[in-house]
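Novice: Shown below is the structure under consideration.
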Amino acid sequence: MAGGGPIVRVLVAGAVVVAAGLLGATHRHTWHPRLVIAAASTLADQPVHIEVTGVPPGRRVTLVSSAVDYRKAPWQAEATFDADASGVVDPGTQAPTSGTYRGVHPAGLLWSMNPVAGDPDTAALIPRFPQYAPSFVIGLAVYMDGRRVASAHLTREWMTPGATHRRLTLARDGVVGDLFLPPPGTAPHPAVLTFGGSEGGESMNFTAALLAGHGYPALSLGYFALPGLPAALSGIPMEYFAAAARVLAAQPGVSPGHVLAMGYSRGTEAALLLADLFPGLVHGAVLYAPSAVVHLGYPNGDAAWTLGGAPVAFDQIPVDQVSGPVLAIGGGDDGLWDSYGSSVRINAELTRLGNPYPHRALLFPGAGHGLGTFPYLPAGTSQLDPLTHELIFSGGTRPANEAAQLAGWSSILSLLASIN
């Protein structure tokens, strides 16, 4: 500074004091860094707006996020920014100079978290299931010159106040799963029967809980690798899925005739078959990383699905009886199978048949098999197969998969809102 002494920055009780010697006179300006969160508690699929204010212009600021998964293993992300001329750091409009993500991403500090111990390419942050913990907390902290100057917490909710959960059992309900319902008195909405793929067990609880948070009754269904169910993806009766759809249709708050099937990966075969085989019961399908054909059982190689006790043919899945909307979401870098091409083929066949309901192939060239469902939770691009214990590359990149999740989830909510 011409004619003046050096600028001296001192951290005092959470405030950064900038003092400048000016030819015998001293100009002092006190800065108070604040971490501002637009909504500190929201549904876990909602956008976030994080901002740091009260920072000296041009100063370097590091934002750190942290969370723990269901095993209590810690995760963390960070991003370093230079404050703008107004003393503001806004990840929604500014790209970090360094950190766990690149470019402008309002929620980059969420989806770019890495496990503190472990390989981020093979890990996924899985919180406690929503029926046990209806929300989870993300810590946020602001650092300047290596010292923490502000902090806050962001609560991400799976269930809205008043929403309910009930565990379904074979003995009582004829199916196994977790039923999530909106608060009593919610106007009737379409319902969603959702299930995963070859991982078995239940992997769609969070999705079902969030759907209920938006007013849509949802059932996360298990169909193998759970007590009382087949041990592998082999010989699964399509009638079992139909029974689950009937259970869901009978719940309060379900719009009559509007139960949709949502499948992921191998589950898309069952979802599309269900919509075609039971058109009076299932009103269309949402297909994440789909197949357009029936594959063999896994890992044994026999029939995956049965109908009336007979194997469902290893052939293209028919769609001529589908009586509802179909949204097929595919990734062009899918490492497991050609979900991009399958999405195109399913949509083209519905068009060729003159299906009168809305149908669409939502395509993401850079995304992999992990392109669903809701956004903002970090996950790698490889996974350990729970049945074979082999490492599987699922394709895509974390930013591309996150972008697909964000756009795909928005499209699903728009589709559900359009059904009446």
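Each Cβ is built from the backbone N, Cα and C atoms, and glycine gets one as well.
Below are the features listed in TrEMBL for this protein:
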type	residues	note
TRANSMEM	6-25	transmembrane segment
ACT_SITE	Ser265	active site, charge relay system
DOMAIN	316-415	domain 'BAAT/Acyl-CoA thioester hydrolase C-terminal'
ACT_SITE	Asp334	active site, charge relay system
ACT_SITE	His369	active site, charge relay system
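Give me the structural setting of these features: burial, nearby parts and distances.
Specialist: Take the CB of Ser265 (active site, charge relay system) and look out to 10 A: across all protein chains shown you find 24 other CB atoms.
Mean model confidence for the domain 'BAAT/Acyl-CoA thioester hydrolase C-terminal' (316-415) is a pLDDT of 97.
Cβ neighbours within 10 Å of Asp334 (active site, charge relay system), excluding its own Cβ and spanning all shown chains: 24. The DSSP secondary structure for Asp334 (active site, charge relay system) is strand.
Just so you know, the Cβ of His369 (active site, charge relay system) picks up 26 other Cβ atoms within 10 Å once every protein chain is counted.
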Novice: With DSSP as the yardstick, break the domain 'BAAT/Acyl-CoA thioester hydrolase C-terminal' (316-415) down into helix, strand and coil residue counts.
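Specialist: Going by DSSP assignments, the domain 'BAAT/Acyl-CoA thioester hydrolase C-terminal' (316-415) contains 32 helix, 22 strand, 46 coil.
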Novice: Could you state the whole-number distance in Å separating the C-alpha atoms of Ser265 (active site, charge relay system) and His369 (active site, charge relay system)?
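Specialist: Taking the Cα atoms only, Ser265 (active site, charge relay system) lies 8 Å from His369 (active site, charge relay system).
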